[in-house]
(Lines of atoms letter the chains of each structure in order from A; the text may use other names.)
(Lines give C-alpha, C1' and ligand atoms only; values in the text may rest on other atoms or scores of the structure.)
Protein backbone atom coordinates (compact mmCIF):
# COMPACT_ATOMS: atom_id res chain seq x y z
CA UNK A 1 0.00 0.00 0.00
CA UNK A 2 1.26 3.52 -0.86
CA UNK A 3 2.53 5.64 2.04
CA UNK A 4 2.56 9.35 2.77
CA UNK A 5 5.49 10.86 4.65
CA UNK A 6 5.76 14.01 6.76
CA UNK A 7 9.09 15.41 8.00
CA UNK A 8 10.35 17.49 10.92
CA UNK A 9 8.12 20.16 12.39
CA UNK A 10 5.14 19.27 10.20
CA UNK A 11 5.21 15.63 11.38
CA UNK A 12 5.52 16.58 15.06
CA UNK A 13 2.75 19.21 14.92
CA UNK A 14 0.33 16.84 13.16
CA UNK A 15 0.93 14.20 15.83
CA UNK A 16 0.64 16.80 18.61
CA UNK A 17 -2.89 17.64 17.44
CA UNK A 18 -3.86 14.02 18.11
CA UNK A 19 -2.17 14.10 21.53
CA UNK A 20 -4.15 17.23 22.43
CA UNK A 21 -7.46 15.80 21.23
CA UNK A 22 -7.06 12.70 23.39
CA UNK A 23 -5.64 14.50 26.45
CA UNK A 24 -8.25 17.29 26.33
CA UNK A 25 -10.98 14.64 26.32
CA UNK A 26 -9.50 12.76 29.27
CA UNK A 27 -8.40 15.66 31.50
CA UNK A 28 -11.92 17.02 32.10
CA UNK A 29 -12.37 14.07 34.51
CA UNK A 30 -9.52 15.02 36.89
CA UNK A 31 -10.13 15.99 40.51
CA UNK A 32 -13.18 16.04 42.82
CA UNK A 33 -15.03 18.47 40.53
CA UNK A 34 -14.03 16.68 37.31
CA UNK A 35 -16.84 15.74 34.93
CA UNK A 36 -17.67 12.52 33.12
CA UNK A 37 -17.26 11.59 29.45
CA UNK A 38 -19.95 9.70 27.55
CA UNK A 39 -18.76 7.01 25.13
CA UNK A 40 -20.93 5.75 22.31
CA UNK A 41 -21.12 1.96 22.05
CA UNK A 42 -22.05 0.03 18.90
CA UNK A 43 -24.18 -2.28 21.03
CA UNK A 44 -26.13 -1.36 24.13
CA UNK A 45 -26.38 1.88 26.06
CA UNK A 46 -23.65 4.56 25.94
CA UNK A 47 -21.04 4.32 28.71
CA UNK A 48 -20.63 7.28 31.08
CA UNK A 49 -17.26 7.20 32.86
CA UNK A 50 -14.45 9.23 34.41
CA UNK A 51 -11.87 6.45 33.95
CA UNK A 52 -8.98 7.82 31.87
CA UNK A 53 -7.91 4.55 30.29
CA UNK A 54 -11.46 3.56 29.28
CA UNK A 55 -11.88 6.92 27.52
CA UNK A 56 -8.44 6.74 25.87
CA UNK A 57 -9.12 3.23 24.52
CA UNK A 58 -12.23 4.46 22.69
CA UNK A 59 -10.46 7.25 20.80
CA UNK A 60 -9.56 6.67 17.14
CA UNK A 61 -8.96 9.73 14.92
CA UNK A 62 -9.59 10.02 11.19
CA UNK A 63 -6.33 11.78 10.28
CA UNK A 64 -3.56 9.09 10.32
CA UNK A 65 -0.90 11.42 11.84
CA UNK A 66 -3.21 12.75 14.54
CA UNK A 67 -4.19 9.16 15.27
CA UNK A 68 -0.50 8.21 15.68
CA UNK A 69 -0.11 10.90 18.35
CA UNK A 70 -3.29 9.80 20.11
CA UNK A 71 -2.22 6.12 20.09
CA UNK A 72 1.17 7.00 21.62
CA UNK A 73 -0.50 8.80 24.53
CA UNK A 74 -3.04 6.00 24.81
CA UNK A 75 -0.06 3.76 25.57
CA UNK A 76 0.80 6.02 28.55
CA UNK A 77 -2.67 5.47 30.01
CA UNK A 78 -2.68 1.72 29.29
CA UNK A 79 0.78 1.14 30.79
CA UNK A 80 -0.06 3.15 33.92
CA UNK A 81 -3.29 1.17 34.29
CA UNK A 82 -1.39 -2.14 33.93
CA UNK A 83 1.24 -1.18 36.51
CA UNK A 84 -0.79 0.75 39.09
CA UNK A 85 -4.44 0.31 38.09
CA UNK A 86 -5.21 4.02 38.51
CA UNK A 87 -3.72 7.45 37.73
CA UNK A 88 -4.36 7.16 34.00
CA UNK A 89 -5.79 10.69 33.67
CA UNK A 90 -2.78 12.19 35.47
CA UNK A 91 -0.40 10.22 33.24
CA UNK A 92 -2.14 11.46 30.06
CA UNK A 93 -2.10 15.05 31.32
CA UNK A 94 1.63 14.89 32.17
CA UNK A 95 2.45 13.40 28.75
CA UNK A 96 0.59 16.26 27.04
CA UNK A 97 2.44 18.87 29.14
CA UNK A 98 5.89 17.34 28.45
CA UNK A 99 5.17 17.08 24.70
CA UNK A 100 3.84 20.66 24.54
CA UNK A 101 6.84 22.20 26.32
CA UNK A 102 9.30 19.89 24.58
CA UNK A 103 8.08 20.74 21.08
CA UNK A 104 8.43 24.47 21.77
CA UNK A 105 12.11 23.92 22.57
CA UNK A 106 12.75 21.50 19.69
CA UNK A 107 11.25 24.10 17.31
CA UNK A 108 13.58 26.71 18.83
CA UNK A 109 16.55 24.50 17.89
CA UNK A 110 17.23 22.42 21.03
CA UNK A 111 18.57 18.87 20.56
CA UNK A 112 15.77 16.38 21.40
CA UNK A 113 18.24 13.64 22.42
CA UNK A 114 19.78 15.92 25.07
CA UNK A 115 16.33 17.14 26.16
CA UNK A 116 15.44 13.48 26.68
CA UNK A 117 18.47 13.05 28.99
CA UNK A 118 17.36 16.08 31.01
CA UNK A 119 13.82 14.71 31.30
CA UNK A 120 15.20 11.38 32.53
CA UNK A 121 17.37 13.07 35.19
CA UNK A 122 14.47 15.19 36.46
CA UNK A 123 12.05 12.24 36.57
CA UNK A 124 14.53 10.13 38.57
CA UNK A 125 14.97 13.02 41.02
CA UNK A 126 11.20 13.45 41.34
CA UNK A 127 10.63 9.73 41.99
CA UNK A 128 13.39 9.78 44.61
CA UNK A 129 11.69 12.77 46.29
CA UNK A 130 8.27 11.08 46.23
CA UNK A 131 9.66 7.93 47.85
CA UNK A 132 11.25 10.02 50.63
CA UNK A 133 7.94 11.60 51.66
CA UNK A 134 5.89 8.42 51.20
CA UNK A 135 4.33 7.00 54.36
CA UNK A 136 3.15 3.44 54.94
CA UNK A 137 -0.54 2.59 54.99
CA UNK A 138 -1.55 1.98 58.59
CA UNK A 139 -4.84 0.28 59.21
CA UNK A 140 -8.33 0.46 57.90
CA UNK A 141 -8.67 4.25 58.04
CA UNK A 142 -5.81 4.90 55.58
CA UNK A 143 -7.17 2.29 53.17
CA UNK A 144 -10.64 3.87 53.32
CA UNK A 145 -9.13 7.28 52.54
CA UNK A 146 -7.24 6.06 49.47
CA UNK A 147 -10.29 4.23 48.09
CA UNK A 148 -12.62 7.18 48.85
CA UNK A 149 -10.40 9.64 46.94
CA UNK A 150 -9.98 7.31 43.97
CA UNK A 151 -13.71 6.56 43.69
CA UNK A 152 -14.80 10.06 44.83
CA UNK A 153 -17.20 8.30 47.20
CA UNK A 154 -16.65 7.69 50.96
CA UNK A 155 -19.18 4.82 50.93
CA UNK A 156 -17.07 2.89 48.39
CA UNK A 157 -13.96 3.68 50.48
CA UNK A 158 -15.52 2.13 53.57
CA UNK A 159 -16.67 -0.93 51.61
CA UNK A 160 -13.17 -1.62 50.22
CA UNK A 161 -11.57 -1.03 53.63
CA UNK A 162 -13.96 -3.61 55.15
CA UNK A 163 -13.10 -6.08 52.39
CA UNK A 164 -9.32 -5.59 52.86
CA UNK A 165 -9.69 -6.00 56.62
CA UNK A 166 -11.54 -9.29 56.23
CA UNK A 167 -9.40 -11.00 53.59
CA UNK A 168 -6.02 -9.37 54.35
CA UNK A 169 -3.57 -7.79 51.92
CA UNK A 170 -3.01 -11.15 50.19
CA UNK A 171 -6.72 -11.81 49.72
CA UNK A 172 -8.53 -11.45 46.43
CA UNK A 173 -11.32 -8.89 46.08
CA UNK A 174 -13.48 -9.22 42.99
CA UNK A 175 -16.14 -6.84 41.69
CA UNK A 176 -19.38 -8.25 40.27
CA UNK A 177 -22.65 -6.80 39.02
CA UNK A 178 -25.59 -7.29 41.35
CA UNK A 179 -29.29 -7.60 40.55
CA UNK A 180 -30.26 -5.46 43.55
CA UNK A 181 -30.12 -1.65 43.88
CA UNK A 182 -27.52 -1.48 46.66
CA UNK A 183 -23.81 -2.28 46.75
CA UNK A 184 -22.85 -4.97 49.25
CA UNK A 185 -19.89 -7.03 50.39
CA UNK A 186 -19.83 -10.82 50.47
CA UNK A 187 -16.81 -12.46 52.14
CA UNK A 188 -15.82 -16.11 51.68
CA UNK A 189 -13.49 -17.25 54.43
CA UNK A 190 -11.39 -20.33 53.80
CA UNK A 191 -10.83 -22.02 50.47
CA UNK A 192 -13.68 -21.99 47.99
CA UNK A 193 -13.72 -23.62 44.57
CA UNK A 194 -16.46 -23.74 41.95
CA UNK A 195 -17.58 -27.35 42.16
CA UNK A 196 -20.77 -28.53 43.91
CA UNK A 197 -22.12 -31.89 45.13
CA UNK A 198 -22.51 -34.64 42.53
CA UNK A 199 -25.94 -35.69 43.81
CA UNK A 200 -28.66 -33.57 45.47
CA UNK A 201 -29.36 -36.55 47.78
CA UNK A 202 -26.13 -35.68 49.60
CA UNK A 203 -27.48 -32.44 51.14
CA UNK A 204 -27.84 -32.14 54.91
CA UNK A 205 -29.99 -28.97 54.88
CA UNK A 206 -33.01 -29.52 52.63
CA UNK A 207 -34.24 -25.93 52.92
CA UNK A 208 -30.98 -24.31 51.75
CA UNK A 209 -30.02 -27.31 49.59
CA UNK A 210 -26.57 -27.39 51.19
CA UNK A 211 -24.40 -30.10 52.69
CA UNK A 212 -22.51 -29.07 55.83
CA UNK A 213 -19.90 -31.48 57.21
CA UNK A 214 -18.39 -30.73 60.62
CA UNK A 215 -14.88 -32.03 61.24
CA UNK A 216 -14.83 -34.32 58.18
CA UNK A 217 -12.04 -36.34 56.62
CA UNK A 218 -11.16 -35.25 53.07
CA UNK A 219 -10.09 -37.70 50.36
CA UNK A 220 -8.22 -35.91 47.55
CA UNK A 221 -7.56 -37.75 44.29
CA UNK A 222 -7.20 -37.05 40.57
CA UNK A 223 -8.70 -40.44 39.71
CA UNK A 224 -12.20 -41.39 38.62
CA UNK A 225 -14.06 -43.54 41.17
CA UNK A 226 -16.58 -45.88 39.55
CA UNK A 227 -16.08 -49.07 41.59
CA UNK A 228 -16.95 -48.86 45.30
CA UNK A 229 -14.58 -51.78 46.03
CA UNK A 230 -11.63 -49.39 45.46
CA UNK A 231 -12.49 -47.27 48.49
CA UNK A 232 -14.41 -49.83 50.59
CA UNK A 233 -11.54 -50.58 53.05
CA UNK A 234 -11.17 -46.82 53.67
CA UNK A 235 -14.92 -46.29 54.13
CA UNK A 236 -15.05 -49.09 56.73
CA UNK A 237 -12.30 -47.40 58.77
CA UNK A 238 -14.14 -44.04 58.64
CA UNK A 239 -17.52 -45.60 59.60
CA UNK A 240 -15.88 -47.25 62.64
CA UNK A 241 -14.68 -43.81 63.78
CA UNK A 242 -18.14 -42.29 63.17
CA UNK A 243 -16.66 -39.55 60.96
CA UNK A 244 -17.96 -37.80 57.84
CA UNK A 245 -16.15 -37.77 54.50
CA UNK A 246 -15.70 -35.33 51.63
CA UNK A 247 -14.42 -36.91 48.41
CA UNK A 248 -12.71 -34.60 45.90
CA UNK A 249 -12.09 -36.68 42.76
CA UNK A 250 -11.93 -36.41 38.99
CA UNK A 251 -15.42 -37.93 39.07
CA UNK A 252 -17.53 -40.31 41.16
CA UNK A 253 -20.04 -42.25 39.08
CA UNK A 254 -22.02 -45.44 38.60
CA UNK A 255 -22.00 -48.00 41.40
CA UNK A 256 -19.71 -45.93 43.64
CA UNK A 257 -22.00 -42.87 43.58
CA UNK A 258 -25.14 -44.99 44.05
CA UNK A 259 -23.62 -46.79 47.09
CA UNK A 260 -22.62 -43.50 48.75
CA UNK A 261 -26.11 -42.02 48.20
CA UNK A 262 -27.93 -45.14 49.51
CA UNK A 263 -25.78 -45.22 52.67
CA UNK A 264 -26.40 -41.50 53.21
CA UNK A 265 -30.19 -41.95 52.90
CA UNK A 266 -30.12 -44.93 55.30
CA UNK A 267 -28.16 -42.84 57.78
CA UNK A 268 -25.29 -45.37 57.83
CA UNK A 269 -22.65 -42.99 56.64
CA UNK A 270 -22.51 -39.28 55.73
CA UNK A 271 -20.41 -38.61 52.63
CA UNK A 272 -20.38 -35.88 49.96
CA UNK A 273 -18.56 -36.20 46.63
CA UNK A 274 -17.47 -33.27 44.44
CA UNK A 275 -15.47 -33.01 41.24
CA UNK A 276 -11.90 -31.69 41.43
CA UNK A 277 -11.55 -27.98 40.51
CA UNK A 278 -9.68 -26.66 37.45
CA UNK A 279 -8.34 -28.47 34.40
CA UNK A 280 -5.03 -30.03 33.33
CA UNK A 281 -1.92 -28.90 35.18
CA UNK A 282 -3.90 -26.24 37.04
CA UNK A 283 -6.08 -29.01 38.51
CA UNK A 284 -3.00 -30.82 39.85
CA UNK A 285 -1.76 -27.60 41.46
CA UNK A 286 -5.15 -26.89 43.05
CA UNK A 287 -5.45 -30.42 44.43
CA UNK A 288 -1.98 -30.05 45.91
CA UNK A 289 -3.05 -26.72 47.48
CA UNK A 290 -6.11 -28.39 49.04
CA UNK A 291 -3.93 -31.26 50.32
CA UNK A 292 -1.46 -28.85 51.97
CA UNK A 293 -4.29 -26.75 53.44
CA UNK A 294 -6.02 -29.80 54.96
CA UNK A 295 -2.93 -31.84 55.86
CA UNK A 296 -3.73 -34.67 53.45
CA UNK A 297 -2.10 -36.35 50.46
CA UNK A 298 -3.09 -36.26 46.79
CA UNK A 299 -3.85 -39.86 45.79
CA UNK A 300 -2.48 -40.12 42.27
CA UNK A 301 -0.89 -42.78 40.10
CA UNK A 302 1.79 -40.24 39.20
CA UNK A 303 2.83 -40.31 42.87
CA UNK A 304 2.59 -44.12 43.00
CA UNK A 305 -0.50 -44.19 45.24
CA UNK A 306 -3.54 -46.35 44.67
CA UNK A 307 -7.02 -45.84 46.14
CA UNK A 308 -7.24 -49.34 47.65
CA UNK A 309 -4.07 -48.70 49.69
CA UNK A 310 -5.28 -45.39 51.19
CA UNK A 311 -5.29 -45.18 54.98
CA UNK A 312 -7.02 -42.63 57.22
CA UNK A 313 -3.60 -41.00 57.81
CA UNK A 314 -3.48 -40.01 54.09
CA UNK A 315 -6.70 -38.00 54.36
CA UNK A 316 -6.97 -34.30 55.03
CA UNK A 317 -9.32 -32.76 57.58
CA UNK A 318 -10.94 -29.40 58.32
CA UNK A 319 -13.09 -27.73 60.95
CA UNK A 320 -16.03 -27.68 58.55
CA UNK A 321 -16.90 -27.96 54.87
CA UNK A 322 -19.94 -26.39 53.20
CA UNK A 323 -21.04 -27.69 49.79
CA UNK A 324 -23.77 -26.07 47.70
CA UNK A 325 -25.00 -26.90 44.20
CA UNK A 326 -22.18 -24.80 42.70
CA UNK A 327 -19.44 -24.26 45.31
CA UNK A 328 -17.41 -26.06 47.95
CA UNK A 329 -15.91 -24.09 50.86
CA UNK A 330 -13.30 -25.58 53.20
CA UNK A 331 -13.05 -23.64 56.47
CA UNK A 332 -10.00 -23.89 58.75
CA UNK A 333 -8.08 -26.72 57.08
CA UNK A 334 -5.95 -28.68 59.56
CA UNK A 335 -2.76 -28.55 57.47
CA UNK A 336 0.71 -27.87 58.85
CA UNK A 337 1.22 -24.09 59.15
CA UNK A 338 4.84 -24.19 57.96
CA UNK A 339 3.88 -26.28 54.88
CA UNK A 340 1.15 -23.75 54.02
CA UNK A 341 3.66 -20.91 54.49
CA UNK A 342 6.16 -22.62 52.15
CA UNK A 343 3.45 -23.18 49.54
CA UNK A 344 2.43 -19.50 49.73
CA UNK A 345 6.08 -18.44 49.25
CA UNK A 346 6.37 -20.77 46.23
CA UNK A 347 3.24 -19.29 44.59
CA UNK A 348 4.52 -15.75 45.25
CA UNK A 349 7.71 -16.65 43.41
CA UNK A 350 5.69 -17.95 40.45
CA UNK A 351 3.65 -14.71 40.36
CA UNK A 352 6.84 -12.66 40.07
CA UNK A 353 8.26 -14.87 37.32
CA UNK A 354 5.19 -15.25 35.08
CA UNK A 355 4.74 -13.02 32.03
CA UNK A 356 1.12 -14.02 31.35
CA UNK A 357 -1.60 -11.81 32.87
CA UNK A 358 -4.02 -14.76 32.89
CA UNK A 359 -1.56 -17.01 34.74
CA UNK A 360 -0.79 -14.21 37.20
CA UNK A 361 -4.49 -13.74 37.96
CA UNK A 362 -5.01 -17.47 38.54
CA UNK A 363 -1.90 -17.69 40.75
CA UNK A 364 -3.13 -14.72 42.81
CA UNK A 365 -6.47 -16.47 43.28
CA UNK A 366 -4.67 -19.59 44.53
CA UNK A 367 -2.53 -17.46 46.83
CA UNK A 368 -5.60 -15.74 48.26
CA UNK A 369 -7.34 -19.04 48.92
CA UNK A 370 -4.34 -20.32 50.86
CA UNK A 371 -3.30 -17.11 52.64
CA UNK A 372 -6.43 -15.07 53.17
CA UNK A 373 -9.82 -15.39 51.61
CA UNK A 374 -11.96 -14.02 48.84
CA UNK A 375 -14.26 -10.99 49.06
CA UNK A 376 -16.84 -10.14 46.41
CA UNK A 377 -18.12 -6.57 46.07
CA UNK A 378 -21.57 -6.82 44.48
CA UNK A 379 -22.35 -3.54 42.73
CA UNK A 380 -25.95 -2.43 42.35
CA UNK A 381 -27.56 0.64 40.79
CA UNK A 382 -30.88 1.90 39.42
CA UNK A 383 -29.84 1.71 35.76
CA UNK A 384 -27.31 -0.25 33.71
CA UNK A 385 -25.49 2.98 32.74
CA UNK A 386 -25.00 3.95 36.40
CA UNK A 387 -24.08 0.36 37.29
CA UNK A 388 -21.22 0.23 34.75
CA UNK A 389 -19.90 3.66 35.81
CA UNK A 390 -20.00 2.68 39.50
CA UNK A 391 -18.35 -0.68 38.83
CA UNK A 392 -15.45 1.03 37.00
CA UNK A 393 -14.95 3.46 39.90
CA UNK A 394 -14.85 0.60 42.40
CA UNK A 395 -12.32 -1.30 40.25
CA UNK A 396 -10.10 1.81 40.08
CA UNK A 397 -10.41 2.36 43.82
CA UNK A 398 -9.48 -1.27 44.45
CA UNK A 399 -6.37 -0.98 42.26
CA UNK A 400 -5.38 2.29 43.98
CA UNK A 401 -5.77 0.64 47.39
CA UNK A 402 -3.54 -2.30 46.43
CA UNK A 403 -0.94 0.15 45.07
CA UNK A 404 -1.07 2.10 48.36
CA UNK A 405 -0.48 -1.06 50.40
CA UNK A 406 2.55 -1.88 48.20
CA UNK A 407 4.42 1.45 48.19
CA UNK A 408 2.64 3.73 50.67
CA UNK A 409 0.78 7.02 50.30
CA UNK A 410 1.64 10.69 49.73
CA UNK A 411 -0.27 13.99 49.75
CA UNK A 412 -2.94 13.91 47.03
CA UNK A 413 -4.38 16.43 44.62
CA UNK A 414 -1.05 16.93 42.81
CA UNK A 415 0.47 18.39 46.00
CA UNK A 416 3.27 15.81 46.17
CA UNK A 417 4.54 16.90 42.72
CA UNK A 418 4.65 20.55 43.89
CA UNK A 419 6.40 19.53 47.14
CA UNK A 420 9.32 17.93 45.26
CA UNK A 421 9.75 20.92 42.90
CA UNK A 422 12.52 22.61 44.99
CA UNK A 423 14.67 19.43 44.84
CA UNK A 424 14.16 19.07 41.07
CA UNK A 425 14.99 22.76 40.52
CA UNK A 426 18.33 22.20 42.26
CA UNK A 427 19.35 19.88 39.39
CA UNK A 428 21.68 21.72 37.02
CA UNK A 429 23.59 20.77 33.90
CA UNK A 430 26.43 22.45 32.01
CA UNK A 431 24.75 21.28 28.81
CA UNK A 432 22.00 23.86 27.99
CA UNK A 433 19.72 21.35 26.21
CA UNK A 434 19.88 18.91 29.15
CA UNK A 435 18.87 21.82 31.40
CA UNK A 436 15.93 22.46 29.04
CA UNK A 437 14.77 18.85 29.68
CA UNK A 438 14.96 19.41 33.46
CA UNK A 439 12.95 22.64 33.14
CA UNK A 440 10.28 20.86 31.07
CA UNK A 441 9.62 18.44 33.97
CA UNK A 442 9.62 21.33 36.48
CA UNK A 443 6.81 22.95 34.46
CA UNK A 444 4.96 19.66 33.85
CA UNK A 445 4.84 18.85 37.59
CA UNK A 446 2.55 21.86 38.12
CA UNK A 447 0.04 20.60 35.56
CA UNK A 448 -2.10 18.24 37.74
CA UNK A 449 -2.82 21.00 40.31
CA UNK A 450 -3.49 23.47 37.49
CA UNK A 451 -6.01 21.10 35.86
CA UNK A 452 -7.75 20.15 39.13
CA UNK A 453 -8.18 23.89 39.78
CA UNK A 454 -9.43 24.52 36.21
CA UNK A 455 -12.01 21.73 36.54
CA UNK A 456 -13.22 23.44 39.72
CA UNK A 457 -13.49 26.76 37.82
CA UNK A 458 -10.44 28.34 39.51
CA UNK A 459 -7.12 29.84 38.40
CA UNK A 460 -4.31 27.29 38.86
CA UNK A 461 -1.29 29.66 38.89
CA UNK A 462 -2.41 31.43 42.09
CA UNK A 463 -3.03 28.08 43.84
CA UNK A 464 0.36 26.67 42.76
CA UNK A 465 2.15 29.77 44.07
CA UNK A 466 0.37 29.46 47.42
CA UNK A 467 1.26 25.73 47.76
CA UNK A 468 4.93 26.41 46.89
CA UNK A 469 5.11 29.06 49.64
CA UNK A 470 3.36 26.85 52.22
CA UNK A 471 4.77 24.07 54.40
CA UNK A 472 5.26 20.66 52.79
CA UNK A 473 2.05 18.66 52.79
CA UNK A 474 -0.23 21.70 52.57
CA UNK A 475 -2.32 21.50 49.41
CA UNK A 476 -5.55 22.70 47.87
CA UNK A 477 -8.81 20.89 48.63
CA UNK A 478 -10.69 21.62 45.40
CA UNK A 479 -13.95 20.15 46.71
CA UNK A 480 -14.24 22.62 49.61
CA UNK A 481 -11.97 25.25 47.97
CA UNK A 482 -9.56 25.70 50.87
CA UNK A 483 -5.91 25.02 51.75
CA UNK A 484 -5.42 22.07 54.12
CA UNK A 485 -2.85 19.54 55.35
CA UNK A 486 -3.65 16.89 52.74
CA UNK A 487 -2.53 13.82 54.72
CA UNK A 488 -4.40 14.76 57.90
CA UNK A 489 -7.72 15.37 56.10
CA UNK A 490 -7.32 12.17 54.07
CA UNK A 491 -6.65 13.58 50.59
CA UNK A 492 -4.00 11.04 49.63
CA UNK A 493 -2.69 9.28 46.53
CA UNK A 494 -0.78 5.98 46.35
CA UNK A 495 2.96 6.61 45.77
CA UNK A 496 3.01 3.86 43.13
CA UNK A 497 0.25 5.55 41.10
CA UNK A 498 1.88 9.01 41.28
CA UNK A 499 5.31 7.59 40.40
CA UNK A 500 4.08 5.37 37.54
CA UNK A 501 2.05 8.20 35.99
CA UNK A 502 5.13 10.43 35.71
CA UNK A 503 7.54 7.69 34.60
CA UNK A 504 5.24 6.40 31.84
CA UNK A 505 4.33 9.90 30.65
CA UNK A 506 8.00 10.93 30.48
CA UNK A 507 9.00 7.71 28.72
CA UNK A 508 6.52 8.09 25.84
CA UNK A 509 6.70 11.91 25.64
CA UNK A 510 10.51 12.08 25.51
CA UNK A 511 10.54 9.46 22.74
CA UNK A 512 7.86 11.46 20.91
CA UNK A 513 10.14 14.53 20.90
CA UNK A 514 12.88 12.64 19.05
CA UNK A 515 10.53 12.03 16.06
CA UNK A 516 11.82 13.53 12.80
CA UNK A 517 9.65 11.70 10.29
CA UNK A 518 6.16 10.14 10.29
CA UNK A 519 5.01 7.52 7.78
CA UNK A 520 1.33 6.63 7.31
CA UNK A 521 -0.89 4.85 4.82
CA UNK A 522 -2.60 7.00 2.22
CA UNK A 523 -6.32 6.71 3.02
CA UNK A 524 -8.18 4.81 0.31
CA UNK A 525 -10.87 6.72 -1.53
CA UNK A 526 -14.29 5.07 -1.40
CA UNK A 527 -14.64 2.84 -4.43
CA UNK A 528 -17.82 3.29 -6.52
CA UNK A 529 -20.42 0.67 -5.75
CA UNK A 530 -21.22 -2.07 -8.26
CA UNK A 531 -24.04 -1.01 -10.60
CA UNK A 532 -27.39 -2.56 -9.77
CA UNK A 533 -29.34 -4.82 -12.15
CA UNK A 534 -31.81 -3.32 -14.63
CA UNK A 535 -35.30 -2.93 -13.15
CA UNK A 536 -37.70 -5.72 -13.88
CA UNK A 537 -34.93 -8.23 -14.65
CA UNK A 538 -35.43 -11.45 -12.77
CA UNK A 539 -32.95 -14.24 -12.13
CA UNK A 540 -33.56 -15.82 -15.53
CA UNK A 541 -35.84 -18.50 -14.20
CA UNK A 542 -33.16 -19.77 -11.79
CA UNK A 543 -34.17 -20.94 -8.32
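Including glycine, each Cβ sits where the backbone N, Cα and C put it.
As recorded in Swiss-Prot:
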| type | residues | note |
| --- | --- | --- |
| BINDING | 29, 30, 31, 32, 86, 87, 88, 89, 90, 413, 477, 478, 479, 493 | ATP binding site |
| REGION | 524-543 | region 'Disordered' |
| COMPBIAS | 533-543 | compositional bias 'Gly residues' |
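Here the binding-site residues are 29, 88, 90; the one with the fewest Cβ atoms within 10 Å of its Cβ is 29.
DSSP assigns residue 86 (ATP binding site) to coil in the three-state reduction, outside any helix or strand.
Across the residues annotated as binding ATP (29, 30, 31, 32, 86, 87, 88, 89, 90, 413, 477, 478, 479, 493), the widest Cα-Cα separation comes to 21 Å. With every protein chain in view, the residue among the binding-site residues 86, 477 whose Cβ has the most Cβ partners within 10 Å turns out to be 86. Between the binding-site residues 31, 479, 31 has the most other Cβ atoms inside 10 Å of its own Cβ, all protein chains included. Reduced to three states, the DSSP call for residue 29 (ATP binding site) is helix. Under the three-state DSSP scheme, residue 479 (ATP binding site) falls in the coil class.
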